[in-house]
């Protein structure tokens, strides 16, 4: 009984009306009636089984739709070149380090009577063996592209009929007594389910260099979707989701073009993505979204505790936008200098030919060859890994 009481106490503390809702509003005021339906926290439970269903749909999609498309485009099914078998190096790789330092390289060189560059090449090829093939990356990007295209199209068709798309103050008039429509409910549950599936699949998908940043992004996105639904900020939430989905479509299309070796199309799509991303995330987002959540809502509704949390999450998202915009500009500058978008420091696969351009191992900066990233290449980490959510 004491356990039950303590659990009830924790739930009562968590769902404290003074935190979640504006002054003088209670949960009882937002219970569903015959006249109106409002968002209920338990509605979101549906997203967990649906996230699993989306993950299973993805597996079927990649196997029976994306894979045949990739084969039709003659995308390679084999992975990178394999390292020649060597028991000593394999033991070092599996038991000690995948990125040996200069001292260890020299020791192995003497032990095997191999030159240091050959050992560097072996470790690079061995690391690449654990990376997925171009085919697998194409299938992943095609799945994301298909989902983003669908959900963005749905969002635009839905939002163009709403008053708050044209006047953001409509997000706050009569708040929080704004009824939940079927369209908003569907939009929210589908987006939340997809990002839950992305969060889980991060541990099974291609390992990115920005794993922690992406993890933070997914958690922030899921938190924003949940927060805005529970306290009925769903109107402004739909604007945030639709704004973010637009650029996701283009980056996944650019990655597919890159994997298919359609370089001109890849460059064109990446340029379109860069323009849209920077203008929407550093321009439209703060001027349109943050302006209404910070200032218009303050004027019409006034602040309360969960309002602060919601806006802090939106500002965190803006910081992530700024970081990714920096990466995009960096990518674009390298691409211009090389004449094409080819590879950058977010690349999720190491080039097996990188060692040909490596500096001699006795140079202090030889680690740039052993860490799997050639700094002299062009730039397409955005084309070999999802840069954000995927970003919301």
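Cβ coordinates are placed from backbone N, Cα and C, and glycine is handled just like the others.
Curation does not apply to TrEMBL; its annotations are automatic.
As annotated by TrEMBL, transmembrane segment applies to 44-61, 186-204, 211-230, 266-288, 308-329. Positions annotated as domain 'Homeobox' by TrEMBL: 89-133. Here TrEMBL flags 91-134 as DNA-binding region. The domain 'TLC' feature in TrEMBL is assigned to 136-337. Here TrEMBL flags 343-392 as region 'Disordered'. Positions annotated as compositional bias 'Low complexity' by TrEMBL: 368-381.
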Subject >> Beyond the flanks of the transmembrane segment (211-230) by 6 or more, those residues with Cβ under 8 Å of it >> reply: 20, 39, 41, 43-44, 188, 191-192, 195-196, 198-199, 202, 236-237, 240-241, 306, 309-310, 313-314, 316-317, 320, 323, 386, 388-392
**OP:** Could you tell me the mean pLDDT over the domain 'Homeobox' (89-133), as a whole number?
**Re:** 85
**OP:** Sort the residues of the domain 'Homeobox' (89-133) into helix, strand and coil with DSSP and give the three counts.
**Re:** 32 helix, 0 strand, 13 coil
